[in-house]
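Q: I'd like to ask you about the structure that follows.
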Amino acid sequence: MTNPANKTLYFAYGSNLSLTQMASRCPTSTYHALAALHGWKWIIGERGYANVVASPASATATSTFGLRGRPLAPADEDEDEEERGEDYVVGMLYYLEAADEASLDRAEGVPDAYVKQMLDVDVLGAGGKETGERVQALVYVDVARTGMGVCKEEYVGRMNRGVRDAEGKGMSASYGE
């Protein structure tokens, strides 16, 4: 994947899955692909908004897991992460210019609500299958409030729009349930 000069690859997993919301928040952003963030869980955090938290299995290195947090024992090639019980988050990759990133920082409440982390994600192709390409992407993570919360009422509609948009780009409908 060729990264256009001076652009940041951003992994959206919450209401920013919405193409409309991203166009409003980050007018020069461009959608690139679906991606999977392995070893992390998607939650509604304590503030009532989406968050990702590192899975316990990925937070502690053990000899039974490989670099992606996947079991070293052979797995059925046709099984996906969900069938193997592996934690992962599906999101959308966008290219951001500096002004878009600054706008997104304000919208996401950096550094008080979320912090910015560069994490490895696996690019997904047709049918949500991994392409074998791993890239670093900007991910907004609330590291201070990692407990489960109740989704804010105003957030439900935005999340539903985002899930529909992600499904339109090829995310499995069963993942969005």
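Including glycine, each Cβ sits where the backbone N, Cα and C put it.
Any TrEMBL annotation is an automated prediction that lacks curation.
Straight from TrEMBL, here's the annotation block:
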ACT_SITE  Glu108  active site, proton acceptor
BINDING   Tyr10, Phe11, Ala12, Tyr13, Gly14, Ser15  substrate binding site
DOMAIN    83-141  domain 'Gamma-glutamylcyclotransferase AIG2-like'
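Show me how these features fit into the shown structure, please.
A: DSSP assigns Glu108 (active site, proton acceptor) to a helical segment in the three-state reduction. Around Glu108 (active site, proton acceptor), the same-chain residues six or more apart in sequence whose CB sits under 8 Å from its CB are Tyr114, Tyr140, listed in sequence order.
Shown in sequence order, Ala35, Leu37, Gly91, Met92, Leu93, Leu119, Val121, Ala137, Leu138, Val139 are the residues of the chain, 6+ apart in sequence, with a C-beta less than 8 angstroms from the C-beta of Phe11 (substrate binding site). In the three-state DSSP reading, Phe11 (substrate binding site) counts as strand.
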Q: For a quick check of understanding: among the binding-site residues Tyr10, Ala12, Gly14, which residue's Cβ has the most other Cβ atoms within 10 Å?
A: Ala12
Q: At a 10 Å cut-off from the C-beta of Tyr13 (substrate binding site), count the other C-beta atoms across all protein chains.
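A: The Cβ of Tyr13 (substrate binding site) has 23 Cβ neighbours within 10 Å.
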Q: Just to be sure I understand the packing, how many Cβ atoms besides its own are within 10 Å of the Cβ of Ser15 (substrate binding site)?
A: 22
